[in-house]
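> Okay, these came from TrEMBL:
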ACT_SITE  HIS330  active site, GMP-histidine intermediate
BINDING   ASP72, HIS168  Mn(2+) 1 binding site
BINDING   167-171, 274-275, 306-309, SER313, 330-333, LYS400  GMP binding site
BINDING   HIS185, HIS274  Mn(2+) 2 binding site
Amino acid sequence: MHTLTGTAAPVRLWTDPESVEPGALTQLRNCANLPWTHGVAVMPDVHQGYGATVGSVVAMRDAVSPGAVGVDIGCGMSAVRTDLTAGDLPDSLGRVRAQVERAVPVGRAGHREGPDLARLGIERGYDWTGFWSGFERLHHLDEASWTDADALRAKAHRQLGSLGSGNHFLELCLDGDDRVWLMLHSGSRGIGNILANLHIERAKQLPHNQALPDRDLAVFLSGTPAMDAYRADLYWAQEYARLNRRVMMELFKAALGRGLGRTVAFEPEVSCHHNYVSEETYDGVELIVTRKGAISTEGGRKGIIPGSMGTGSFIVSGLGNPQSYRSASHGAGRRMSRAAARRQFSVADLQAQTEGVECRKDAGVLDEIPGAYKDLDTVMAAQTDLVRVEHRLRTILCVKG
Ligand code: 5GP
Ligand code: MN
Ligand code: MN
């Protein structure tokens with residue numbers, strides 16, 4: 001573990017500060033110098049983000065920065081082990097990929113009429129009425145007209161169980177025993193983005209945020225109506241993100257069964273947010289912990305650390321180290337911007353780096369080339385005191401958003 005010197009609150013890093021880009025170091029110092037900050041933990045996949053770095057944990061007393069959570073509230077990963085082994089799969093996975101692409105809305109799309117939750121058997125006994133009535137209490141509805149609210153609700157309903165764009169993905173992977181896993185990455189879609197941006201803008205207007213080193217780090221303070229409104233919206237969006245992944249996983253499972261023409265058995269889903277807030281206690285101190293590109297390692301909890309579409313991923317169990325606020329990295333992390341990746345690599349590079357993976361290999365996904373991400377083995381080696389490896393997964397099919 002490394003530390004930064006000269007900050008008001010401690011900054012602990014699971015990577016050499018020399019290897020961190022200057023812009024990200026400035027962001028870490030800015031976070032650590034806020035008067036509310038208890039400490040900052042920096043994961044080995046750290047890189048510059050909006051206000052706060054991606055791949056970091058900011059723990060505050062009686063405050064939270066919506067910019068430090070990010071605009072995809074509840075973004076995270078889900079994974080499921082199947083009873084299939086590699087030998088149960090066809091030699092060519094093209095047909096399976098087509099089935100998956102048809103079954104799960106990818107890109108900006110949603111379901112035409114909302115997902116059929118009853119048919120999918122999603123969360124039997126779950127209080128769906130309570131969940132959607134939570135939507136009616138969302139703080140943004142104070143300002144929206146009822147027509148807007150209806151349109152927003154309809155959109156949130158349609159988008160439930162859809163992937164979104166960017167580096168959200170669905171994958172089939174193999175573990176060391178050749179067992180097949182389903183894995184996916186997504187968050188709270190359009191509605192989470194609307195809520196996040198609205199609260200970030202609101203926080204920036206508050207008087208106590210006018211003299212910050214970076215106003216993108218504007219905070220809400222406990223005991224204020226603005227904080228109460230943010231917390232309510234935030235926790236609703238985090239739940240939406242979890243449900244979004246649940247619905248998609250059921251669609252994915254069904255598509256796999258159809259693609260293979262057989263019944264498949266599935267183990268319970270591992271699901272972890274990596275952009276979220278949780279209230280936790282350390283040494284008797286209650287803290288508001290923001291993980292932006294970091295997973296929880298609390299109580300031996302299972303987590304997912306993806307690398308890239310050519311590298312594969314890790315299933316881990318948490319060691320609960322309090323020094324990192326019981327957190328670990330959320331991935332390998334970007335090594336370069338999307339623009340830099342497009343400049344540096346060619347479609348031939350992409351084909352070489354995704355050999356053996358059934359996925360898109362055209363210029364449209366060049367910015368997602370494995371070489372644009374950090375080396376996953378190096379990232380894992382830097383956090384052996386944070387997580388234990390349960391499985392190493394190799395990607396064999398990847399659908400990008
Ligand atoms: P983020 O949530 O910050 O957008 O990305 C999470 C992490 O996922 C990235 O840091 C990267 O290491 C990993 N990743 C990005 N694309 C893929 C992919 O297609 N497959 C896998 N397995 N991992 C990916
Ligand atoms: Mn996301
Ligand atoms: Mn994410």
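Cβ atoms here come from the backbone N, Cα and C positions, even for glycine.
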> So if I take the recorded positions (ASP72, LEU170, SER308, HIS330) and measure from each Cβ to the nearest atom of ligand 2, which come out below 6 Å?
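Listed by sequence, the hits are ASP72.
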> Listing them in sequence order, which of the recorded positions ASP72, HIS185, HIS274, HIS330 have their Cα within 10 Å of that of LEU170 (GMP binding site)?
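Taking ASP72, HIS185, HIS274, HIS330 one by one, the ones whose Cα falls within 10 Å of LEU170 (GMP binding site) are HIS185.
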> In terms of Cα spacing, which of the binding-site residues HIS185, SER308, GLY333 are within 10 angstroms of HIS168 (Mn(2+) 1 binding site)?
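Checking Cα-Cα distances against HIS168 (Mn(2+) 1 binding site), the binding-site residues within 10 Å turn out to be HIS185.
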> What same-chain residues, at least 6 away in sequence, bring their CB to under 8 Å of the CB of HIS185 (Mn(2+) 2 binding site)?
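Sequence-distant Cβ neighbours: CYS75, GLY76, MET77, ASN167, HIS168, PHE169, PRO306.
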> Got a sec? Which of ASP72, HIS168, LEU170, ASN275, the binding-site residues, have CB under 6 Å of any ligand 1 atom?
none
> Round to the nearest Å and give the CA-to-CA distance linking GLY333 (GMP binding site) with ASP72 (Mn(2+) 1 binding site).
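For GLY333 (GMP binding site) versus ASP72 (Mn(2+) 1 binding site), the Cα atoms are 16 Å apart.
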> Select the most exposed residue of HIS168, HIS274, HIS330, where exposure means the fewest other Cβ atoms within 10 Å, treating these as the recorded positions.
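Per-residue Cβ counts within 10 Å for the recorded positions HIS168, HIS274, HIS330 bottom out at HIS168.
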